[in-house]
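Pulled from Swiss-Prot:
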type     : residues : note
DISULFID : 167-203  : disulfide bond
CARBOHYD : 43       : N-linked glycosylation site
CARBOHYD : 91       : N-linked glycosylation site
CARBOHYD : 100      : N-linked glycosylation site
SIGNAL   : 1-21     : signal peptide
């Protein structure tokens with residue numbers, strides 16, 4: 001009997017290893033290089049300093065007017081598998097530098113978008129949406145660091161937020177900013193933690209999001225940013241590092257383990 005349980009346990013571990021390799025995705029960019037697995041769109045580029053520059057910078061090192069840039073991990077990420085939904089965790093560090101910190105626009109977003117989707121409208125739409133009205137076909141969820149309105153927004157399929165929290169980006173202009181975003185599919189909980197590393201000020205916001213209803217089975221994950229329409233409202237958007245991991249709840253493994261024990 002004992003040997004049978006040991007054999008079953010060994011089989012379980014083999015199956016678990018295979019299942020995890022099939023349902024987990026992870027990557028880490030401590031800095032960025034031109035040969036990284038990234039899709040760059042618009043004005044996005046990798047700087048000589050190893051930073052991901054989303055919006056354009058002129059020869060005078062000042063931000064370009066009405067610039068748009070997007071960068072997504074090149075491999076699609078599976079979010080849904082039948083009735084199973086992945087949880088994910090992402091950490092990144094960015095710096096937004098405004099020419100005039102009191103009136104800059106528009107901000108930076110972390111987004112889950114349809115695979116192979118092109119850039120959308122500029123300005124307040126941040127390159128990820130096209131309208132102020134609901135777009136069911138947009139199939140996009142975004143966490144927006146909205147410098148125009150000094151807040152963190154959660155957007156689903158159009159630019160108007162369904163949840164937001166004040167966060168004074170203008171006041172902490174140019175600071176290195178650490179962000180963690182987590183999604184727990186077991187309770188549909190999306191959370192954002194933001195930390196301005198110099199001033200030690202923190203912002204956080206959370207909401208219930210049924211991700212399986214809002215995005216496609218496979219998505220692209222990454223960033224999009226836009227800069228203001230006039231020189232006084234321009235800003236740069238640089239991502240310094242980025243890591244991401246996602247994992248499905250392994251229902252089959254739980255069933256097998258309960259039967260063994």
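The backbone N, Cα and C atoms fix where each Cβ goes, and this holds for glycine too.
Not measured: the values here are computed from a predicted model.
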Cβ neighbour count within 10 Å of residue 167 (disulfide bond): 24
Most Cβ neighbours inside 10 Å, all chains, among the glycosylation sites 43, 91, 100: 43
Inter-residue Cα distance where the pair is residue 167 (disulfide bond) and residue 100 (N-linked glycosylation site), in Å: 17
Rounded Cα separation (Å) that holds between residue 167 (disulfide bond) and residue 91 (N-linked glycosylation site): 18
Inter-residue C-alpha distance, residue 203 (disulfide bond) and residue 91 (N-linked glycosylation site) (nearest angstrom): 15
Integer Cα-Cα distance in angstrom, residue 91 (N-linked glycosylation site) to residue 43 (N-linked glycosylation site): 23
Secondary structure of residue 167 (disulfide bond) (DSSP, helix/strand/coil): coil
Cβ packing number for residue 203 (disulfide bond), 10 Å threshold: 20
